[in-house]
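So that you can see what the record holds, here are the features copied from TrEMBL:
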- A:29-91: domain 'V-ATPase proteolipid subunit C-like' (DOMAIN)
- A:112-174: domain 'V-ATPase proteolipid subunit C-like' (DOMAIN)
- A:Glu78: site 'Reversibly protonated during proton transport' (SITE)
- A:21-47: transmembrane segment (TRANSMEM)
- A:67-92: transmembrane segment (TRANSMEM)
- A:104-126: transmembrane segment (TRANSMEM)
- A:163-181: transmembrane segment (TRANSMEM)
Amino acid sequence: MENTNFVMIFLNWLMSFDRKALILAASAIGAGFAMIAGIGPGIGQGYAAGKGAEATSINPKTSKQAIMVMLIGAGIAETSGILALVVALILLFGNPLVGQSGSVLVIAASAIAAGISMIAGVGPGIGQGYAAGKGTESTGKRPKYQSTILRTMLLGQAVAQTTGIYALIVALVLMFSNPLLKLL
Amino acid sequence: MEGGFGPEIIFTIPGTDIPVTETVTNTWIIMAILILFSFLATRKFAHKPKGLQNFVELLVDGIYKFTAQTMGEDKVAFAPYIGTLMIYLIFANLAGLFAIRPPTADLNTTMGLALITFFMIHFFAIKRKGVGTYLKGFLDPFPALLVINIIGELATPISLSFRLFGNIVGGLIIMNLLYGGLAALSGSIGLPIPILQAAIPAPLHIYFDVFAGVLQSFIFAMLTMVFVSIAMD
């Protein structure tokens with residue numbers, strides 16, 4: 001009789017590997033997944049750069065102020081990508097999961113999940129980039145109000161970062177103090 | 001980190017087992033440079049500025065103007081802290097150029113600085129507005145948002161510190177990997193000294209150390225100013 005339960009076949013196949021190899025493989029997948037978050041900052045910073053070009057074309061004399069707002073805004077939009085990079089680097093170079101005791105399946109899944117959770121960074125990246133673009137655009141139109149525009153933009157971007165921080169906290173909890181391992 | 005990119009332990013405090021890492025010793029080096037500079041620059045001030053005094057006056061004046069512009073004229077008293085923060089961060093982030101490990105590539109440094117900002121935000125908000133108005137601010141715009149507001153406040157130091165730390169440590173690791181790769185490459189084509197390590201990493205140093213380092217120092221100081229002044233208004 002042929003066994004058709006593919007999930008069980010897969011899990012049994014997984015279990016045929018060495019414990020450490022399994023966790024390291026999962027960490028590799030997790031690190032890769034984490035960096036998908038780079039989509040967000042990419043789109044966002046691109047939008048900000050486009051708005052910077054627009055602001056310069058509208059009012060070349062005040063391009064310096066617009067560029068400053070663009071650089072600051074884009075630098076903040078990069079945060080989610082950097083947070084994803086931190087998680088990926090922890091998984092690659094300082095993996096805390098390798099030495100942990102407990103079910104190998106849970107640990108491996110946690111490594112992948114830590115990476116997947118960082119994909120949330122796509123959202124803040126796009127959103128903050130949009131804010132940076134709008135800030136750049138309005139600075140180009142009304143350079144006199146640069147500091148007020150910058151303040152509003154920074155405040156909004158800081159709030160937009162919150163979901164990315166949630167993702168980071170979940171990723172760090174999964175890696176450093178996994179509550180699921182204690183339930184076993 | 002056990003992978004080899006964490007700060008090295010230089011020595012442990014005698015009699016205890018408290019480790020003193022590279023981060024601390026490199027911060028001491030930067031502190032010594034800054035103290036020496038301030039001492040030499042301010043030793044003999046003439047009524048008519050010349051030489052170094054011109055530069056120092058320009059710097060101090062620029063920081064005061066920048067703070068007044070960003071935080072408002074009534075909060076110009078923050079300028080000394082903001083200036084110190086910015087100069088320290090620029091030196092710390094550029095330390096990689098002088099082959100010493102940037103202190104900001106350690107979460108302890110950036111988290112410490114972010115916590116100073118965090119306590120400044122709340123201390124000056126209470127001082128300016130009074131405890132009642134301050135606490136009521138958490139119920140704005142409507143009371144159901146209390147939890148979100150509290151989490152939002154707690155997220156501030158986390159995002160501040162991780163942004164700076166991630167940028168610097170990311171650059172540090174990429175540069176380390178590049179130097180290692182170039183050494184291996186020059187070894188594999190039979191060169192006894194890693195000659196490929198010369199000049200090739202320079203553009204990456206300009207991006208990761210100079211551009212990202214200065215931009216992130218500026219963003220950190222800027223956000224500190226904006227958060228404190230918004231909390232006070």
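Numbering starts at 1 and runs along the chain as displayed.
For all residues, glycine too, the Cβ spot is worked out from N, Cα and C.
The transmembrane segment (A:67-92) shares the most Cβ pairs under 8 Å with A:21-47, out of the stretches A:21-47, A:104-126, A:163-181.
Within the chain carrying the transmembrane segment (A:104-126), a Cβ under 8 angstroms from the stretch's Cβ atoms is held by residues 11, 14-15, 19, 22-23, 25-27, 29-45, 47, 77-81, 83-84, 87-88, 91, 95, 97, 160-161, 163-164, 166-168, 170-172, 174-175, 178, 180-181, 184, all 6 or more beyond its ends. Only residues 6 or more beyond the boundaries of the transmembrane segment (A:163-181), in the same chain, are considered here, and those with a CB under 8 A from a CB of the stretch are 34, 79-80, 83, 86-87, 90-91, 95-97, 100, 102-103, 106-107, 110-111, 113-115, 117-121, 123-125. Within the same chain, the residues at least 6 positions away from A:Glu78 (site 'Reversibly protonated during proton transport') whose Cβ sits under 8 Å from its Cβ are A:Pro41, A:Gln45, A:Gly125, listed in sequence order. If you average pLDDT over the domain 'V-ATPase proteolipid subunit C-like' (A:112-174) in this model, you get 91.
Helix first, then strand, then coil: DSSP counts for the domain 'V-ATPase proteolipid subunit C-like' (A:29-91) stand at 61 helix, 0 strand, 2 coil. DSSP states for the domain 'V-ATPase proteolipid subunit C-like' (A:112-174), grouped as helix (H, G, I), strand (E, B) and coil, give 61 helix, 0 strand, 2 coil.
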